[in-house]
Amino acid sequence: MDSPSLLEVLQVQQVEKLISPSLRFILAYFTHRYPRFLLRAYNSFDGIYLLVKLLLEKSQLKKWNATSVERRFQLKRVIAVRDSSIIAEEFPQESESATSLNGIDVLKKLFLTYCIPYLLEKCESLTTVKENHTAVSILSLQARDKQKGALSVFYSKIKILLVRLKKILHFVFRLIRKSNTYLQWLYYLLYALGKTPYTNLADHILRQRVIYNVENIHSRKLISTREKSSLLTSIADHSMEGFLIIIQLIDWWQSNNYESHLKKGEVAFTELAPPKLPFEINVSTTDICKICGEKIKNPAVLSTGFVFCYPCIQVWLQRHPFKCPVTNLELSRKGESFWRLMI
């Protein structure tokens with residue numbers, strides 16, 4: 001099983017993190033125009049988003065063994081099994097059924113990935129609200145103790161304990177969030193070094209890993225016929241896919257700052273004569289990777305215009321920096337020499 005690179009994993013997580021702020025911004029824009037109808041929905045955005053996200057991702061995981069963003073990047077989830085590649089070659093059907101997610105795996109994935117972060121965020125926000133008033137509350141309660149009887153003193157002490165408990169809980173939640181951030185970077189490092197097949201703690205607990213969905217790449221017609229089985233599911237899938245494409249385009253445009261380049265008249269193109277190829281191109285070789293010699297999987301295009309397997313061109317550029325494997329020409333845009341094709 002071919003695992004995606006760390007760059008692809010980070011890209012998936014980046015797009016995943018952009019969904020909620022983008023939807024919140026859109027809702028805030030329309031709430032400003034129609035507050036009477038949308039203000040209540042905007043105030044309850046986190047809960048509504050979690051509910052819709054759970055319903056959508058549950059159907060995606062059951063149907064495709066992947067979340068909506070992972071499916072967009074042609075990835076899928078499998079249960080980690082020892083010597084899975086050897087078992088897949090000898091017993092392909094048994095291996096596929098053994099590594100596919102069942103209903104319990106889907107529910108555990110949803111709970112760890114979406115519900116727990118939501119609960120931690122809400123608990124931290126609830127304790128943060130009272131944190132600024134902690135000192136004032138304790139002093140005011142202690143002042144009232146001197147003026148009231150024993151029963152009121154008892155209640156005041158309980159309130160003081162609750163205020164201090166909230167302060168401790170707020171510190172604990174912040175510590176958990178920071179520890180999770182450091183642990184996430186540790187998983188990134190181990191994954192990049194090939195020491196673990198998991199990209200985060202939740203996947204490690206669930207024993208789920210992410211791999212390329214080769215079947216999804218080479219069987220578009222089968223997918224399109226399966227999607228027509230449910231009209232509502234099909235509409236949700238296509239709407240989500242279109243929304244993700246828009247998010248990626250906006251993020252790509254802003255991160256590359258193309259607007260300022262266009263205003264300044266800066267052009268990143270290099271005028272080169274057509275290269276002389278060392279082989280004759282025909283119909284039978286157009287879908288063959290020029291590096292591994294096999295049919296192209298997970299296509300990626302180089303700045304010279306040739307298409308290769310995404311893992312192949314990554315390894316090639318690490319061994320031969322800024323050189324095209326076909327033309328042997330130096331790449332003009334060394335910072336962004338190749339792009340993955342989403343077809």
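Cβ from N, Cα, C; glycine included.
Since this is a predicted model, take the numbers as computed values, not measurements.
Here CYS292 (Zn(2+) binding site) comes close to CYS309, CYS312: these same-chain residues lie at least six apart in sequence, with C-beta atoms under 8 angstroms from its C-beta. Feature annotation from Swiss-Prot assigns Zn(2+) binding site to CYS289, CYS292, CYS309, CYS312.
The topological domain 'Peroxisomal matrix' annotation in Swiss-Prot covers 1-5 (among others). The topological domain 'Peroxisomal matrix' (1-5) scores a mean pLDDT of 78 in the predicted structure.
Proximity of distant same-chain residues to the topological domain 'Cytoplasmic' (34-37), defined by a Cβ-Cβ separation under 8 Å and at least 6 residues beyond the stretch ends, is recorded for none. The topological domain 'Cytoplasmic' annotation in Swiss-Prot covers 34-37 (among others).
What Swiss-Prot records for 63-102 (among others) is topological domain 'Peroxisomal matrix'.
Taken from Swiss-Prot, the feature topological domain 'Cytoplasmic' covers 141-146 (among others), and the record attributes it to similarity to another entry.
Residues or ranges marked as topological domain 'Peroxisomal matrix' in Swiss-Prot (evidence: similarity to another entry): 194-238 (among others).
What Swiss-Prot records for 267-343 (among others) is topological domain 'Cytoplasmic'.
Remote same-chain partners of the transmembrane segment (6-33), defined as residues 6 or more beyond its termini with a Cβ less than 8 Å from a stretch Cβ, comprise 39, 41-42, 45, 49, 67, 69-70, 72-73, 75, 188, 191-192, 199, 210, 243-244, 247-248, 251, 340. The transmembrane segment feature in Swiss-Prot is assigned to 6-33 (among others); the stated evidence is similarity to another entry.
Long-range Cβ contacts of the transmembrane segment (38-62) within its own chain (Cβ-Cβ under 8 Å, at least 6 residues beyond either end) map to 20, 23-24, 27-28, 30-31, 68, 71, 77, 101, 103, 106-107, 109-110, 114-115, 118, 121-122, 233, 236-237, 240. The feature transmembrane segment is assigned by Swiss-Prot to 38-62 (among others), with similarity to another entry given as support.
Look at Swiss-Prot and you will find 103-140 (among others) tagged as transmembrane segment.
Per Swiss-Prot, the feature transmembrane segment maps to 147-193 (among others).
Annotation source Swiss-Prot lists transmembrane segment at 239-266 (among others).
Sequence annotations record features per position, and here Swiss-Prot assigns zinc finger to 289-328.
Remote same-chain residues near the topological domain 'Peroxisomal matrix' (1-5) are listed as 12, 73, 75, 78, 84-85, 88, 197, 209-212, 214, 297-298, 310-311, 314 (criterion: CB distance under 8 Å, separation of at least six residues from the stretch ends). Sequence-distant contacts (6 or more apart, same chain, Cβ under 8 Å) of CYS289 (Zn(2+) binding site) comprise LYS295, ILE296, LYS297, VAL307, PHE308, CYS309, CYS312. For the recorded site, CYS309 (Zn(2+) binding site), the DSSP three-state label reads strand. In the three-state DSSP reading, CYS292 (Zn(2+) binding site) counts as coil.
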